[in-house]
Structures are given as structure tokens and as C-alpha cells.
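Asker: Okay, handing you the structure first.
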Amino acid sequence: MPKLFSPFVDKSNYKQLLGAMDYSFLCAYAVGMYLSGIIGERLPIRLYLTFGMLMSGLFTCLFGLGRIYNIHNLSFYIFVQVANGLVQTTGWPSVVTCIGNWFGKGRRGLIMGIWNSHTSVGNILGSLIAGYWVSSNWGLSFIVPGLVIAAMGVVCFLFLIEREYCSICVINPWSPCQNWDTELLLPVQQVVVVKSELEPSAISFMGALRIPGVIEFSLCLLFAKLVSYTFLFWLPLYITKAAHLDAKKAGELSTLFDVGGIVGGILAGVISDKLGKRATTCAVMLLLAAPTFLTQTGAPGMLLVCGGLVNGPYALITTAVSADLGTHKSLKGNSRALSTVTAIIDGTGSVGAAIGPLLAGVLSSRGWNQVFYMLMAADFLALMLLLRLVTKELTSANVVKPRSGSTTVE
């Protein structure tokens, strides 16, 4: 166990102490997220994201340096966790805004589902890196990832394009070579997007809350993220106890949960694109996820299935749903709401991410079954919060009149 505590702290209570450290990071992340989206809507995304990545690298390295410099004061690590949680809030609203601006709505679920797999890939790499050094020099489990994210911050600063330029293809309808079955594409033209003096101002916090669906999906994500982050933080320890494996092997096995999350996120995006029903897709996956909690034994197959069903709704809400709501028709073309909406949804979800690991630290002392009962309750609450939107999706039918005069139902 890492030597994080002073001699005056009861080390036998390490689960609760580690849970408190997780809580300090996630609580700071949740509070900072609400402010981060509003700030990010008003600053250049490239600079804002670069700053956040460099600071995240700094504080992550500081945590690992505590091991090298033999720092045993718990308050040092709590401070670093809080600071790290605050600066990391610059990331998600910025990147979702970029992706939302780069791609249209047509296949947003699929595109963002594939893109969102980077979160699970990061979790896998993080677990493998931490597991490699956890027994020999746990400080490197923080220093190495800290250096990686700082280096990526430099790459972001040098190469990220904030959609100042775009490329278009022009179809020539009068070309003699043109027919009804083919399209003649002229050379790609570079177009400079000039900001209008009449560009709408960034949306306010309360204005974002009034967008239909924001409150429901935000509260749903609170409970969905509670489940996901409890698995993320506590699954290696659970596998160690349940399967009687050492820390390194348990860390490697726990990555299967994130592998399942990659598949689940992409699948949720594809299904929701095909059906045009985001809330219904999330609800079905949440319903199927609950029984898998009671069958958890650390078996590879169950970890894959559970990871897909747990992270599928979480991934869909934080990406495609956030982008949809940030460009909702009620905004009347105002494109400066995406970052704020994303921050509200993910910030509310992060409240659950802070509560889940803390509760798991308390309940695990009474047996792991208590933890899984808590996760099932959270899963059903997430499902209940979507029922109104699911009902609306299943009962609504918009009649569209195409040019031919016939009617179709969307």
C-alpha cells in the first residue's frame, strides 16, 4: 500500500482514506466543470485545452513525486488531487465542442462512439502503467502518465484547428457530364470562416438548463457515471479479493471492463443513429446492465459484457447527446452553447462519479455484495430519469411531406 498517511493515521482504515482521496479529486472536478464550460465558451479552445493539459501533467507528476521525496502528509495529496480535478475540467467541454463542430448530425452517434473509445483506451493504458510500477515504485505510476499528457498538450497547441478553416466540395449541376446518377466534384476550395459582428453571444447557464432534455440527461448521467467510476476505481481491488490475484494481474484483468466499454460506446452510437432514439437506447442498455452486477466474479466474459452495458449509455450521453442538445433547434442557430451544455451534463455526472467511489469505500467493509446492490439501485434510478424522454420518443411521429407529395413518418 502506498505510504500516503502520517504515523498518526490509522492505516487499517485505508479503504475509506483512499475513497476520500478519490472523492476530493472527483468533487473538485464536478464543481469546476460547471465553470469550465462557461469559460471555455468564451476563450480560444486550443489555448484553453493546452493550458489544462499542461497543468494536469504538472499535478499528476507532483502526486508521484510525493513517493520519491518520501512525503507522508495526507493533506499534500488531497491538495494535489483537488488542483488536478479543477484543471482537468478544461478537457471534456473543449474536445466535445471541437468534434461537434467538425461533424454534422447525420452519423454523430457512430462518429462520436468511435471517437469516445479514447477514454477506455486511456483507462486501459493507465491501468497497465500503474500496474507495472505499483509494486516496485508507485510514484512512476503517476509521473509517466503526467509526462505523457503534458507532451500531448504541446501537440495540441501546435496542431489543433478550431474550425477556423474548412473545405467544401462544389457540385456543378450544369455540367454536360452531369447526370442523375453521378456527381461532378470540382477541386476542393479552402474557405475562411469570418466571424460576423452579429454573432450571437454565448448562452448563459440558466439558458442551457432550459434546453429540453438537459436536466433529464444530466441527472441520468449522475447515476450512470456513479456506476462507471465505481467500477473504474474499485474493480482492481475487487478482483484481487475475489479472484485472489496480485495487484499487477488484477489491474491487467480489469482492463477488460474498458475493452467492453469501447464496444458498448460504439454500439450505442450506431443503434441510436439507426433508430433516432438516444434516450431509448440508453434506457435499454441500463436495464440490461443491472443483472450483470450480481454475476460479477471477475470472469473475463462478464467483465466485457458489464463494461459494454455500463459504459454504452455513459459514452452516448457525454458525446452525441451533449452535441445534440448543444445544437438544439430551440437555440435558433446559436452555436455557442455546446461547451456549456456539455459541461452541465458532464459536471452533474461527475457528482455521481465523486459519490460512487466514496460509498464503495464505506460499503466494501461490510462485504462486496453491498457495493453491487448500491450499483443496481443507481442503475435503476438512471433508467427512471429517462422514462419521460423514452415515452416521448416512442409516441412522437412527425409527418413530413416530401416533394413528391406523399407522406412519410419519421
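Including glycine, each Cβ sits where the backbone N, Cα and C put it.
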Asker: In TrEMBL, which of the ranges 255-272, 309-326 has the transmembrane segment annotation?
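Answerer: The listed stretch tagged transmembrane segment in TrEMBL is 255-272.
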Asker: Hey, which of 47-69, 214-235, 279-296, 337-359, 371-391 has the most Cβ-Cβ pairs under 8 Å against the transmembrane segment (20-40)?
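Answerer: Against the transmembrane segment (20-40), the leading stretch is 337-359.
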Asker: For the transmembrane segment (140-161), what are the same-chain contacts with Cβ under 8 Å, counting residues 6+ beyond its ends?
Answerer: 45-47, 49-54, 56-65, 98, 125-126, 129-130, 132-134
